[in-house]
Ligand code: BGC
């Protein structure tokens, strides 16, 4: 795919000379502001949509419903336009990430990141100065374009710039920055909610900060050697590689980059490859994992936690504070993934994580069914228990389906379909995020407390799927995925003939594309 990562495999036996230089750390930190940008967006909308001044200005009907004594608790916030405010961003992100993948290939990772920050900045300015709903939505579309470009270019950049043996860790740290972005947004909402008239403007305008850092920083960072080679600038690529590795002896790694680029350039249409029979197992598993990730219901919490808390009868402040608590749990629990992902194995974490989420969802659904009627508030103690259960749920997600969704979809594909397959994964994730964002408040209104059982049913399906169908990929070199994983799996092996040509054992990955959350 255009703009795929051309990089060696962190899991392979490659041991190129070179260290984790200050330059790599600085470049990674700057680029990671793209993750912060994305996380800030995820976390900011829920708090803002719960702010009275914001509702009065753009969604007066919701404001009236929210304060109407006899209004159905579950339907206070059900409004298509309010949902569109949150979801429009993801629609734009799908389109932008497609364009960004082409841009990455043609112009490089650096200009794509610069475009991301400019889009994001324009979006933040439009939101901060919004006087009409259309301006607000237009701002969200620009933010979405920024997220799409950023999510495509930044992980690509980090993966290509990192020395192979540090790549996995640096990728999970990127996911960590997303969760930190969400947490910062929750905190900003909490602090601005008491600022009369323009509190929401500060919240939405805050998005400009990471964008400005990324924009300024993008002039300091280097272009990746792979991108330079890909665009015919071999000499500059070699010079850059020496600089970022801090050694002169980079010939071996450079040759691998050149070789990977050549293979990459031979595959003119990776999407056509995805339609072939042997691609079906990784396509199904790599895509379904993202559908499942979103249908854990995580973004219901990330986007609408303050709204949910208000539905239970919390005041605005208590709701925003509760969102800060869940955001903190999210960030801290992601740390667990960094240390356990390569030890415990993917399947165990996914099954265990989904079970924790399942217990929490069922308990929340049960409590709300029992205590939250259409017109009454949840008693104080029960409401606190629900907040605790939401924290448990977020914890279960943060060390399993959060980072692993992205990790698995980037490692199950063989060389020739990895980039196309990963693009499919990103697109599916963004689309499902859009679906959830666009429909949750209406679903809450019609399904009421049963909505939690809806997500619980998904979680049961996921556990069964992972247990029965998903192969374990821990510790398997990416190059051996077909031979050692797919061809050995009790079900998926039927997609491969015994006459299949043994796959070339490339020691390099062509176009591995890892996402923020790895
Ligand atoms: C998901 C996002 C979610 C985030 C929460 C990511 O893995 O893809 O949709 O908002 O985790 O931390």
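Placement of Cβ uses the backbone N, Cα and C atoms for every residue, glycine included.
The annotation domain 'Major facilitator superfamily (MFS) profile' is assigned in TrEMBL to 27-474. Annotation source TrEMBL lists transmembrane segment at 20-40, 81-103, 115-131, 137-158, 170-192, 198-222, 283-306, 318-338, 350-373, 385-408, 420-444, 450-470.
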Whether the transmembrane segment (318-338) meets the transmembrane segment (385-408): three or more C-beta pairs under 8 angstroms: yes
The transmembrane segment (170-192) versus listed stretches 20-40, 81-103, 137-158, 198-222, 385-408: most Cβ pairs under 8 Å: 20-40
Beyond the flanks of the transmembrane segment (137-158) by 6 or more, those residues with Cβ under 8 Å of it: 3-5, 27-28, 31-32, 34-35, 37-38, 41, 84-86, 88-101, 103-104, 109-110, 112-113, 115-127, 130, 167, 170-171, 174, 204, 207, 211, 214, 221, 224, 426, 430, 513-516, 518
Considering the transmembrane segment (450-470), which listed stretch of 20-40, 283-306, 350-373, 385-408 counts the most C-beta pairs under 8 Å: 350-373
Stretch with greatest number of CB pairs under 8 Å, the transmembrane segment (283-306) reference, 20-40, 198-222, 350-373, 385-408 candidates: 385-408
Dominant neighbour of the transmembrane segment (198-222) in 20-40, 350-373, 385-408, by Cβ pairs under 8 Å: 20-40
Positions on the same chain near the transmembrane segment (20-40), where near means CB under 8 A and six or more residues out: 113, 116-117, 120, 146-147, 150-151, 153-154, 157-158, 161-163, 166, 170, 173-175, 177-185, 206-207, 210-211, 213-214, 217-218, 220-222, 243-246, 516
Segment confidence, the domain 'Major facilitator superfamily (MFS) profile' (27-474), expressed as mean pLDDT: 86
